[in-house]
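Novice: Annotations per TrEMBL:
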type     : residues : note
COMPBIAS : 463-478  : compositional bias 'Polar residues'
DOMAIN   : 20-451   : domain 'Major facilitator superfamily (MFS) profile'
REGION   : 206-235  : region 'Disordered'
REGION   : 461-482  : region 'Disordered'
TRANSMEM : 21-45    : transmembrane segment
TRANSMEM : 61-81    : transmembrane segment
TRANSMEM : 88-106   : transmembrane segment
TRANSMEM : 112-139  : transmembrane segment
TRANSMEM : 146-165  : transmembrane segment
TRANSMEM : 177-196  : transmembrane segment
TRANSMEM : 266-287  : transmembrane segment
TRANSMEM : 299-319  : transmembrane segment
TRANSMEM : 331-351  : transmembrane segment
TRANSMEM : 357-379  : transmembrane segment
TRANSMEM : 391-410  : transmembrane segment
TRANSMEM : 422-445  : transmembrane segment
Amino acid sequence: MAQGGAAGRGAAKPQDRGWAWMVLLAAVVLQGLTLGFPCCIGVFFTDLQHEFQASNSETSWFPSIMVAVLHGGGPLCSILVKRFGCRFVVMLGGLLSGLGMVSSSFCKSISQLYLTAGLITGLGSCFSFQAGVTVLGFYFVRWRTLANAIASTGVSLGFTLWPLLSQYLLDEMGWRNTFLIFGGILLNCCVCGAIMRPIQLASGSLPQPAKTGEEPGSGAEEAQMSNGASPHHPALQQHTRRTTCFQVLQKYLAFDIFCQNKGYQIYTIGVTWMMMGFALPHVYLVPYAIHNGVEERKAALLISIIGFINIFIRPLTGLLSGHRVFTGRRIYLFSLAVLLCGLSNFICVISAEFSVLILYCVILSIAMSGIGALTFQVLMDVVEMDRFSSALGLFTILESITLLIGPPLTGLLVDITSDFHYVFYNSSFFLISAALFMGLSFCALEKKTKLREASKAPLDNPSRYQYSETPTEAQAESESPPAVVYITSI
């Protein structure tokens, strides 16, 4: 196990060539199996409602928990990767995902689905996906950006194929047998993990063991011992535990960055608010179409259309945003994509005809591609890379909370009013308000910075006041990847 944990800390032979491309192929499959999977849950929404006599709000908790855990489990995944290595964590995630879906096929109530498919499968998908992305940093240095871009196409492939497969199996054998088959399919994450073998360290490059004085809390312990205190003294042990907990929180949840960096603060609040409405169309689009007379097979095809267009638009969006013209302006591109995503929801309010819904899916997919391609790039722009991992921890935890509560609250509103239009009204409200908040706030922040520069007032901490980009591409080729990093995707 220690070999896997140390995979990124020494010079490695197979980087950027040979077996690395097999690992990349496994990462593509992993992203399709994990991130792409929640998109098919809407296909089963109506059947689960009838089976368990559940309301829209009760049924929507199931996909909400799955997606929230998938996004919010990053810090726990990082700890496991650091302790056991990427290969083990990917295979553990595959086992949990398969176990969760197999158990779901035997559930007798909707609340049991919250535990099996929601928590267990969501946590397993989180482990497999995030550890699979992390291992790419070990296998690729020169081509790391290209490798991550190729791996992200697996999400779009999953969005395209999962709904079609779900509808076919649902028609042929019902939702219980379909969930049983899904459990077997998700076990293929273990196969992908087996391919991701740890990189052999070059001779003479074994990492040096950490000094005792570098361990969390050891400095405080030594200071107490120098004053004559016993290391087993209750007060010393309590102080050491507090110090260790504070350092762990500082490492994985950077509250200090949130308080000091205005750009990170605005962006985190904006994305967290945005997530209240972002997932609503994915959960309710298929039930909405079926409710308005669209055939079930055609309704499932709508999600596949979104995924298919993403395959081509997302890489183009990433290339466009990387152009030097948009340097320092990516946050405005991101806000524009969020605004377009919110405005597109009004198409569904106008009409529920299948041809109109196809137009909606095309526009929504283009906007989603921009959001997916830019979310973490903008985060890298507003936070220094040496603190990116901890900033990402707080970012994903907060967005997972709103991902969790957004669909059930909207489902409750639909239950009260019996009107599916409120799904799209709510989604538009959160998306449009978040886009305006981020765009206008960063514009004001930029003007404030220019005024300070014009008056030549000295800044004690420039990153606290201005939105600036931190170059990362040059570092990617010269530095080894971090031993622990967790990345989520939209």
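If you go along the chain as it appears here, the first residue is 1 and each next one adds 1.
Placed from the backbone N, Cα and C atoms, the Cβ positions cover glycine too.
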Novice: Any residues 6+ beyond the ends of the transmembrane segment (112-139) with a Cβ under 8 Å from its own?
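Specialist: Distal contacts: 7-8, 12, 14-16, 19-20, 23-24, 26-27, 30-31, 33-35, 37-38, 48, 61-74, 76-78, 80-81, 86-87, 89-90, 92-101, 103-104, 147-148, 151, 179, 186, 189, 192-193, 196, 199, 481-482, 484-489.
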Novice: So, do the transmembrane segment (331-351) and the transmembrane segment (266-287) meet, by the test of 3 or more Cβ pairs under 8 Å (sequence gap 6 or more)?
Specialist: yes
Novice: Tell me, what is the mean pLDDT of the domain 'Major facilitator superfamily (MFS) profile' (20-451)?
Specialist: 84
Novice: Does the chain bring the transmembrane segment (88-106) near the transmembrane segment (177-196), so that three or more CB pairs sit under 8 Å (pairs 6 or more apart in sequence)?
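Specialist: They are in contact.
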Novice: So which of 21-45, 146-165, 391-410 has the most C-beta pairs under 8 Å when paired with the transmembrane segment (299-319)?
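Specialist: Highest pair count goes to 146-165.
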Novice: Between the stretches 61-81, 146-165, 266-287, which one has more Cβ pairs under 8 Å with the transmembrane segment (391-410) than any other?
Specialist: 61-81
